[in-house]
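Q: Sharing a structure, written as structure tokens. Questions coming.
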Amino acid sequence: MKTIAVIGAGTMGNGIAHTFAQSGFVVKLIDVSEKSLDKGMATIAANLERMLAKGTITQEDVAKTITNIITYTDIKDGVVGADLVVEAATENVELKLNIFKQLNEACSHNTILATNTSSISITQIGSVVAHPERVIGMHFMNPVPIMKLVEIIRGYNTSDEVTKITMDLSEKLGKVPVEVNDYPGFVANRILMPMLNEAIETLYNKVAGVYEIDTVMKLGMGHPMGPLQLADFIGLDVCLAILNVMYEGFKNPKYAPCPLLVNMVRAGKLGVKSGEGFYDYSESKKAEKISKQFKI
Ligand SMILES: NC(=O)c1ccc[n+]([C@@H]2O[C@H](COP(=O)([O-])OP(=O)(O)OC[C@H]3O[C@@H](n4cnc5c(N)ncnc54)[C@H](O)[C@@H]3O)[C@@H](O)[C@H]2O)c1
């Protein structure tokens, strides 16, 4: 494996591109939006500079990582010659099915087609391509350059060979891959999202305030970040979408999103990315909070 195409240059896509490029792979970073590509490349450069300042990488590593990344706005141009495609576009079923239909046309039959989806069925995504045995979930965690886990999700048709290649590749990135099966929320979000939803429900029921709820979980349970702040970092719209997938997928009311979460998303309060969620992330405070939390 030498060449990796990453689709989507947002929060996850730029982190995935950064991680592969830093490990010596040629990365073709694709986004429909030129602005997202520029922003993604600027984020990668800023994160590399922070790592350089900390002494975890050299100036040469910074230069190599940046030169390993080429940007594209056209999916077909971008995926030519890729050994692996990691799709990290917006979490939307129709959008992802459409991208995989295009990949089915544009990629060689040997290309492994991975998706970073948080909650959409790998089996459903695989159903729109001619070789579903080559479709797999590669669920990186945010921030990708720092977090060790990659949840590797086998769809119903994913082959043993593709699973092994993807697991080995994750190790080459310095990550720890964990293999799981394809059911709503997989493992990470099946356990995490009900906890975040319960924290929001606790706030909604006025049991305690934002500070109190997060402090109980940080100091009492040893969590590095409180659940409400974590929800802000993930994006409240993303949390809502994942809970809805689990609610529909299991037909179980225990996954029903809290009305407060639904209302906040409707009001455009999406967390860090919109500048406000359970906390205020106005420009002056944002950089400080992010650099402290991410410890890059
Ligand atoms: N945010 C997280 O913490 C997190 C964690 C793990 C997994 N994920 C998953 O990663 C994926 C991306 O999430 P994100 O938070 O990076 O989203 P984001 O909104 O930050 O970025 C999505 C990017 O996809 C681009 N895009 C949309 N349609 C496209 C298309 N047809 N072709 C190419 N690019 C397209 C957008 O322009 C945008 O730049 C989602 O599937 C999400 O569920 C997110």
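Easy rule for this one: first residue shown is 1, then count along the chain.
Cβ from N, Cα, C; glycine included.
The NAD(+) binding site annotation in TrEMBL covers GLY8, ALA9, GLY10, THR11, MET12, GLY13, ASP31, GLU91, LYS96, SER118, ASN142, LYS273. For 3-182, the entry in TrEMBL reads domain '3-hydroxyacyl-CoA dehydrogenase NAD binding'. Per TrEMBL, domain '3-hydroxyacyl-CoA dehydrogenase C-terminal' is recorded for 185-281. As annotated by TrEMBL, site 'Important for catalytic activity' applies to HIS139.
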Q: Across all protein chains in the structure, which of the binding-site residues MET12, ASN142 has the highest Cβ count within 10 Å?
A: MET12
Q: Check the Cα-Cα distances from HIS139 (site 'Important for catalytic activity') to the binding-site residues GLY10, MET12, LYS96 and tell me which is shortest.
A: MET12
Q: Out of GLY8, ASP31, LYS96, which binding-site residues lie by ligand 1, with a C-beta less than 6 Å from some atom of it?
A: GLY8, ASP31
Q: Report the same-chain neighbours of LYS96 (NAD(+) binding site): residues 6+ apart in sequence with Cβ closer than 8 Å to its Cβ, ordered by sequence.
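A: Long-range Cβ contacts: GLU87, ALA89, THR115, THR117, ILE120, ILE125.
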Q: Output, ordered by sequence, the same-chain residues six or more apart from GLY10 (NAD(+) binding site) with a CB under 8 Å from its CB, or 'none'.
A: ASP31, SER36, GLY40, ALA88, ALA89, THR90
Q: Work out, from DSSP, the number of helix, strand and coil residues along the domain '3-hydroxyacyl-CoA dehydrogenase C-terminal' (185-281).
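A: Helix, strand and coil residues of the domain '3-hydroxyacyl-CoA dehydrogenase C-terminal' (185-281) number 66 helix, 3 strand, 28 coil.
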Q: Widest Cα span across the NAD(+) binders GLY8, ALA9, GLY10, THR11, MET12, GLY13, ASP31, GLU91, LYS96, SER118, ASN142, LYS273, in Å?
A: 21
Q: What are the sequence-distant neighbours of GLY8 (NAD(+) binding site), meaning same chain, six or more residues apart, C-beta distance under 8 angstroms?
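A: Expected: ILE30, ASP31, SER36, GLU87, ALA88, ALA89, THR90, ASN116.
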Q: Which secondary structure state does DSSP assign to GLY8 (NAD(+) binding site), in the simple three-class scheme?
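A: Where GLY8 (NAD(+) binding site) sits, the three-state DSSP reduction gives coil.
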Q: Restricting attention to the domain '3-hydroxyacyl-CoA dehydrogenase NAD binding' (3-182), give the mean pLDDT.
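A: So the average pLDDT across the domain '3-hydroxyacyl-CoA dehydrogenase NAD binding' (3-182) works out to 97.
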Q: Quick one: give me the count of other CB atoms within 10 A of the CB of HIS139 (site 'Important for catalytic activity').
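A: If we count other Cβ atoms within 10 Å of HIS139 (site 'Important for catalytic activity'), we arrive at 25.
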